[in-house]
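Database features, via TrEMBL:
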type: TRANSMEM; residues: 39-64; note: transmembrane segment
type: TRANSMEM; residues: 70-93; note: transmembrane segment
type: TRANSMEM; residues: 136-159; note: transmembrane segment
type: TRANSMEM; residues: 165-184; note: transmembrane segment
type: TRANSMEM; residues: 247-272; note: transmembrane segment
type: TRANSMEM; residues: 292-325; note: transmembrane segment
type: TRANSMEM; residues: 371-393; note: transmembrane segment
type: TRANSMEM; residues: 413-439; note: transmembrane segment
type: TRANSMEM; residues: 596-622; note: transmembrane segment
type: REGION; residues: 806-831; note: region 'Disordered'
type: COMPBIAS; residues: 816-831; note: compositional bias 'Polar residues'
type: DOMAIN; residues: 1040-1209; note: domain 'Pecanex C-terminal'
Amino acid sequence: MGPDVPLLNEYKQEFFWKRFPQTVLGGPRFKLGYCAPPYVYVHQALLFLTPWLLGGVGTLLYQLQLLQELHAAVLSGLLMFGAAAGIQALAVYSARRSGSVERLGAPNVLADEEEVEFTHCVGPETVRFIAPGKRFGLNVVLHTVLAGVLCGFGTWYVFLGRMTALYGSMGTSLVVYIASWVTLCTAEYSLIVNTATETATYQAQDTYEITPLTRPIYIFTFIAVDLADRFTSPFPELQLASQVLHVLFLFLPLLWALGMLSPLDALLLWGMEQTLVFGLGGSPMSSNLRLLVMFFVSVAVAGCNFFIPSTLGVVLFSVSMGFLLSLDLSQISTLCCAGPRPASGGSLGRRRGATPSPPGSFGWRLGCREALLYLGLLAAAVAEAGLLHHFLAADPPQSPAVTRQRLPIIASYLLLSLFLLCWVLGEIQGAYVCGGVFLNPFYPRGISNVQSFIQSSRGLHVAAVTRRVLLNLVSPFAMIAYLSTDKSLQWLHTASLSVGFTRAFRVVWQNSEESLLQMAVVVAVRLAAGETALPAWDRLGTAVQLLLLGLLSDRVVQFLSKLKFSLAVLVTSWTEKKQRRQAAGALLALNASLSPLLLAVVVLSALLAAPLLPLFTLPVFLVGFPRPQRSWPGQVGTACPCPDSIFYQQMSGSLAVALRRGLAGGALGSLSPGSHFLGRFQDRMVWIMILERGYGYCTVNIKGLELQETSCHTVEARRVDEVFEGAFEKTERLGFTQSLNQHWGNALIPCAALPVRVYSDARNVLSGIIDSHDNLRKLQDDFLKALVFLLLRHCVEKRRGFAWSTEEGPGVGGRKSQSSQPAQSTGNQRVETVIVESNVSSLKLRQDSSSLTSFGDWSDEDDLFGPQQPRRTVALVSTEAQPGQAPLPTGPSLPGSVEMDSLFENMALSALQPLQPLGLGLGLPAVDKGPGAKVFAESSGALPPLHFSCPGSEAFNLPSGWRTAPLLPSRLQQLRHLFPEEWFRFSLGRFAEAAQGAAGDDPTKALQEDRVLRELHALAALSCVVSLGAEASFTSPSYVYRLYCGDVPWTDGLDWLSARKDLYHLTLKAFRFAFKLLFDQASLGPVESPEELFSTLEEYERDWYIGLGAERGWHDSVLQEKPYLFSLGHDLTMGTYTGRVLSLQDQLVQLGRLNGEGVRGQWANLSWELLYATNDDEERYSIQAHPVMLRNLTVQAADPPLGYPIYSSAPLHLPCL
C-alpha cells in the first residue's frame, strides 16, 4: 500500500463525523446521516438546556435575594432530580411498551444500522432514540440522584456572585458563567439522557455503565476545591487554585473530546500505581488485583509509621516491612503447600507457557533455601538499622560526636563509589554503551556458536557477578546505614516524612539500582554544598528529597524518550519515502511553527505519565489519557493462538532462564516496569514486557508474533535484522565512525545475545529425491525392514509393560503421532475412527469440505496428476452406514471418479460394498477368505495354535488377530520373497537379549532358526504391505505423499488393518520411518550395514518425531522438547514436495530494547483508532510497515482484541538475585 492510503475509509469518515459532535456535546445526536423529523432535534436541544434552565431558576432567585445561596442550590438540585426521574420513568415505560409490541416489516439490510422510523413526537421509538434508558435498576436510581446533586452543587459553583468575587469583573464573570453551564449541561446529558461515546476509552465494553459517571466525577473534583476554599481559613494558594480551576472548567468539554482525561477505571488504577511507586516505594503490579492489595497494604504501613511514637520503632518497622513488601509474596502459597522440589522442570507449567524451574536452581520457587536467605537478610538489615540508629542518631546521642560526624561522610563516599562501580560494570554488559550511541569494545561479536560465545564472555560474566553482589547485597545495607543515621528522623511525625521514610526504606530493596542513583545525587548535593546552607532543600529532609528525586528522574527519562519518539515520527514522515504523504510538508511546517506548543505537549504528557499519542501515527501529537504501565485492562496472557504458537510456548521456558541471567547481570540495561524488548531468531519474533520488579525477582510477559511473512512484517523484520547485524556482526576495525550506532534513531537498540534452547527450522525441496525412481524402488524394501523392526520392538516393550496402545495417552517421549494416537478412544469405540484421525491429519481437508458431491470444492488450480484431496474409504462408508454412528467429515474424491446422487449420494461409487441379491455377488471381485476366516474374527479360538520350536519365541508372538488378514494365501505366497529374512534374524538377535533378560548365543540362535516365528512375522508384515497397497514398487510421489499423510486408498485388507489399531499405527509409523530413511540416504549416502540401519531406526524411535505438522503428536513432541522432528509437505502453488526438519539446539537469540514511550504512544493511538473511530480496516495507514518505528510489529504485540500475538505467556516470575 502507498503512503496516501486513506486514514479512514469513506464509511468510517461519515461515522466518525457523526460520533465526534456527539462526544463534544455529551450525547445529543444532531447529525444522523438520514432525514429525521424536527421534533427529534428540538427534544434533544430542550433536554440539553434543561439543567441550565433549572439552575437558572435558583440563580435568579438568589440574584433577586429571595433565597440564600444554599437554598437556591438545593432548589435547583430538587428540580433537576424531578426532571431526571421523569426522563428515566418515560424511558422505562417506552422500553416496556416497545418490548411488548414490535413493528413488523421486512428489514432493509442496505439501510444504516442506526436508522429509526419515527411515528410520533412522543412515540416509543422516539423516546428510546433520545433517552435509551439504563440497563440496571440500581443505575436508574443512582444516576437520577447524582443528576440532582450535580445540578445543585453546579449551581452553587457558578453563582455570579462567586464569579465576581474571584475575578472582580462582571463581564468576565458572565462569560465564565455561561461557558461553565455548557460544561454542566454536557455532563448532565451524558449522565441522565444518553451517554456519549468517549474518546478516552479504556475498556472495550462498558458492562456496568461506568462511562456516564466520568464527567460528573471530574466536575465534583473541581467543586471540592472550591468548597475547600469557601469553608477554610484564607489560604492564597488555595484561592489561586480555585481561580485557575474555574477557568479550566470551561475547557473540560474540549479535554473530554480530545481524550486527555482518563475514564474512571483507568484513572483509579493509574492513581494507585503512581502513589504506590513514587509515594510508597513500590512497583507497578502484573495484575489489577495485586495492585489493589499492595496499594492498601503499603498505605497501612505508612499510616502505622505516622502513629508509632518511637523513631527506633519506625526505623525497625520500615526496614522490615520494606524488605518483605519488596519480595514476591505470591510465592508464599507455594511454600505453604510445598512438596519436594521437582527434579526436572522441563514440563513444569509448560502447558500454560509458564517458566520451568531447572533442577536445583535457586529462586524459581520459594523453598527452604530461599526462605532462610531472606530471613537472614531481614535479620541483618533490622539489626544494622537498629544498632546504628540507637548509637548514632538517637536523642540523646549514645556515641561520641566525632563518630557521629565521620560516619555519614564515610557512608556518603561509599554510596558514590558503589554507584559509579555498579554503573560501569552494568554499562559494559551490553552491546552498546552511553545510551546506545557507541559500540561496546568488550562485547564479543561475530560468534554464532553458543559455547564459543560463552567462552568469550567470561570476563563480562565475572563483571556481572561482581555487580550483582554489589547491587543486591552491599548497596542495600550501605543505604540503610545512611538512612538510619539521618538527622531528619527526629522530625518524623509529619505526614510527608512518614511517607518519605516508608518509601526510602522500601525502595532500597524494591529497586536498588534506582535508589542508589537517587541517594548518590542527594549525597553529591550535600558534599558539593559543603558548609553552605540550602534552607529550602534541607527543610525537606532526606526522605522527601529522595521522593522528589525519584519522581523527577522518572519524568526526565519519560520526557527524553517521548522527545526521541516525536522526533522520529516527524523526521521519518519526510525521509521515509513510503511514509511521505501529500500533507507531510505542511505538517512539518506546522510543527516547526508551533514547536513551543509541541514541546509543551511532550512536557505535559511526561508530567502526567501519559502516552504521547500520534494521531493515526502522523506527526500530529496529542496527550493521551493517563493509564497504568501495562496499557491494557485485560489479564496478562491472552493471545490469538495458532499451530505456530507451540514454538513460542516451547522456547518461553529456556528464554526465561536466559532472561534471568541477562536481567541480573545488567546486560539488558536499567530495568523498570513498562520496559519492552524485542528478540529475533530465524523467523521468530519475541516481544518481552517487564511487568513488575522487586528484590531478587522480575515479572515478565513473553509474547510471540506471527510467523507468516506478510509484506509489512517482512519489511520491518528486515530492518530488525539490519539493526542487529550492526551490533553483533564483527567489524574489521573499531574506529570512531565504526563504533557509532548507525541506527540510533530506530525504536530498537540492541542489548545482548542470549543463549536459548530453541528449535532450528530447516526446510528442503525434495525435487530429485521423492521423484527419483531409484529411491522409490528402494522405499518398499526399507518399509518392510522398518515394519519388521517395529513389530519386534513392539513385542519387547509389550513384554516389559510398555505396550503402545492408543488408550495410554500421549506415550513416552511423545513417540506417537496423531495417526498413531486417535484421541484416546475407549476400547468399544468403532475402529473406523482411526481412519478419520489419520485423514484429518492430512492438512485437515476432510473437516473443511461440505460433501463429496459439492462441486464448489473443484477449481482450475487442482493438480490432476499430483496428490489429490483424500476421499472416503470403505471403512468410512461402513461407519456411516451403521446405526447410531455420527456422520464423519468427508472430503472431495479424486477427479474423474463417478459419484451417485440418489440413495448413495454421499458415497463414491468405487467405495460401495458388493451387492448380494439372490446370492449372486455383484460389484467387486469375490475374495476367498479361507475356511476358518470369519470377517474380522478376533477370537483366538478360531485360529489353530502356534507351535514354536524355541521356548523364547513366545516373547515375540504377535496377537492372534494380526494373522487373520482376508487375503488369499497364494497372493501372500507370491510376495514371500520380499520379506527380509536376514534383516529379521539380525533384528531378532538384537532384541532377544532385551526380551529374554539373558545373554548368550544359544538362545539367540534358536530364536533365529524358529521357522514358525519367522513365518508369523512374515505373514503379519506382508499382510500390512498388501493392505496398505504397497505390494508393488512405488512409482508415484503423490501416492507416497498420500500414504505418508495416512490417506490410504481402499484395498482388500484396509478394513482388516484399520480394525487393528496398534498394527495400523505401527504400519503407518514404519512407512514414515522408511521415507525418512530414504531422505537421509539421498542426503548423506546409503546405509552400508545392518548395524548402521538398526542404530538409525533406534535413533528415529528415540530422538525423532516423524509425522505431520498438523498432528497432535507434533504439538506434544515440541512441548516435550523432542530432539528432532520431521514432516513431509506439499506446496500446491509451486507443485513441489518439501521436507521440514526441526532440531533442538542452543542458539543465540538477539535481544534489543524498544523505546517504551514509542510503544505506549502507538498503543494509545491503536486504542483510540479502533475503540472510538472503529477503524478496523486491515489496510489502514497506521498498521503499514514503518522500519524506524516498527509500527506493524508494535500493533501485533498489543493485547487482543486490538492486537494479535499468537502466543502470550502468563506473568513469569524470574529470580534475579
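Glycine residues also receive a Cβ, built from the backbone N, Cα and C atoms like all the rest.
Values in this document were obtained by computation on a predicted structure and should not be read as measured data.
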Recorded stretch that, among 39-64, 165-184, 247-272, 371-393, 413-439, has the most CB pairs under 8 Å to the transmembrane segment (292-325): 371-393
Contacting positions for the transmembrane segment (165-184) when only residues 6+ beyond its ends and CB under 8 Å are counted: 51-52, 55, 150-151, 154, 157-158, 219, 239, 242-243, 246-247, 249-250, 252-253
Annotated stretches the transmembrane segment (136-159) and the transmembrane segment (371-393) touching (3 or more Cβ pairs under 8 Å): no
Beyond the flanks of the transmembrane segment (596-622) by at least 6 residues, Cβ under 8 Å: 7, 258-260, 270, 274, 554-556, 558-559, 562-563, 565-566, 569-570, 573, 581, 587-588, 631, 1157, 1160-1165, 1168-1169, 1181-1182, 1186, 1189, 1191
Beyond the flanks of the transmembrane segment (39-64) by at least 6 residues, Cβ under 8 Å: 25-26, 28-30, 72-73, 75-76, 79-80, 83, 87, 118, 121, 126, 129-131, 151, 154-155, 158-161, 181, 184-185, 188-189, 193
Segment-level pLDDT (mean, integer) for the domain 'Pecanex C-terminal' (1040-1209): 91
